[in-house]
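Quick look at what Swiss-Prot lists:
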ACT_SITE  LYS67  active site, proton acceptor
BINDING   SER16, LEU17, SER18, THR63, ASN88, ASP103  shikimate binding site
BINDING   ASP79, GLY128, ALA129, GLY130, GLY131, ALA132, ALA223, GLY243  NADP(+) binding site
Amino acid sequence: MPVSRYAVFGHPVAHSLSPAIHADFGKQTGIVLDYTAIDAPPEDFSAALQRFADGGGKGANVTLPLKEAACALASSLSDRARLAGAVNTLVRHEGQWQGENTDGIGLVRDLTDRHGLDLRGRRVLLLGAGGAARGVAPALLQAGITEMVVVNRSPERADALCDTLGEPGRVVSRYIEDLRDLGDFELIVNATAAGRDRDAGAFAMPLGLVNSLTAAVDLNYGATAIAFLAWARSAQCRYAIDGLGMLVEQAAESFALWHGVRPDTDPVYAALRAREAVLVSAD
C-alpha cells in the first residue's frame, strides 16, 4: 500500500515542528504517512502546491506567509476559513483543494482545556491583522468574549479584519498610538511577528492594558515569543503563554480532518515542551 503524502508549506519552513508532530500522531494512531516541509516563496506557492498534488499529495498545512494565498487557491472553503480569509489546512478531495482553518480552535482548546481559562465575557486585545490574527479571531468570538479590539501597524488591515468579522458592536479597530487609552483587557493576543528580531523594545506597551486576570498569549513559540512574553511578565500578567500548545492542537485538528481520528495531544505537547530551548517560531 502506498504511503499517503502530506506536507507543510511556508517560507521559511525549515524550522517547522509539524513533520515531527504528525509523525508522532501517526505512531500513536497506527497511521503510516509521509509528512515533509516544503519551502515555497509566495510567488512559487501555487506551482509548488500543484506539483505536490500531482505527486499524490493528500493534505497540507500552510504557515506564514502563505495562509491568505492558500485561501485564494482553495476550490472550496469551510465557514471558519471563509470568515478568517486565511487557510492553514488543505484537504485534497476529488482533484480539488478544500480549505480549512484550524488555528482558532487550536488556540481556544489550548487556552481552555490545557490552561483552564474561561474566555466567556472577556475583553480581548488582538495585536495584528494578518493571516495569523484572521485565523484566531472568529474562534475567540465564538468562545464568548465580550469585546475584541484589533490594533495593527497598518490601520487599513485592522479595519478590513473588523469588517470581515461583521460584528461592529463587538469588534473594533484602534490605532497603535491609542494603546494608552484603551483600558485593560483579560486577554492580550500577539498575532504579529514583531518578536522575530528578538528586540526587547518591540513590545513597549503601557502597563495599563493589564488587570489582575490578564492572560498574555503569543501565537509564536520559542525565540520569537521571548520579547512579548518578557513584556507580559514585566507587566505582571497572570498568565504568559506561548504558541506551542496552539501549534499542537491545530495540528491535531488537521490530522483529524485527514484521517478521521483525533490524536491525544498531551504526550506530544509534553515532549515538545521538554525541548523548548530549541524551538524557533510559530506555524
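Counting starts with 1 at the first residue shown.
Here the Cβ of each residue, glycine as well, is placed from N, Cα and C on the backbone.
Cβ-based crowding with a 10 Å cutoff singles out GLY243 as the top-ranked of the binding-site residues GLY128, GLY131, GLY243. Cα of GLY128 (NADP(+) binding site) to Cα of LYS67 (active site, proton acceptor): a distance of 14 Å.
Fewest other C-beta atoms within 10 Å: among the binding-site residues LEU17, ALA223, that description fits ALA223. Comparing CA positions across the recorded positions LYS67, ALA129, GLY130, GLY131, GLY243, the one lying closest to SER18 (shikimate binding site) turns out to be GLY243.
For ALA223 (NADP(+) binding site) paired with SER16 (shikimate binding site), the C-alpha to C-alpha distance reads 13 Å.
Look at GLY128 (NADP(+) binding site): DSSP puts it in coil. Here is what falls inside 10 Å of the CA of THR63 (shikimate binding site) among the binding-site residues ASP79, ALA129, GLY130, GLY131, ALA132, GLY243: GLY131, ALA132. If you take the C-beta of ASP79 (NADP(+) binding site) and look for same-chain residues 6 or more apart in sequence within under 8 angstroms, you find none. Annotation note: the residue listed as 'active site, proton acceptor' sits in a helical segment as assigned by DSSP. Note on proximity: of the recorded positions LYS67, ALA129, GLY131, ALA132, GLY243, the one nearest SER16 (shikimate binding site) is GLY243, by Cα distance.
When the recorded positions LYS67, GLY130, GLY131, GLY243 are screened for a Cα within 10 A of the Cα of ASN88 (shikimate binding site), the ones that qualify are LYS67, GLY131. The residue listed as 'active site, proton acceptor' has ALA132 nearby among the binding-site residues ASP103, ALA129, ALA132, counting only those with a Cα within 10 angstroms of its own Cα. LEU17 (shikimate binding site) sits 12 Å from GLY243 (NADP(+) binding site), taking the Cα positions as reference.
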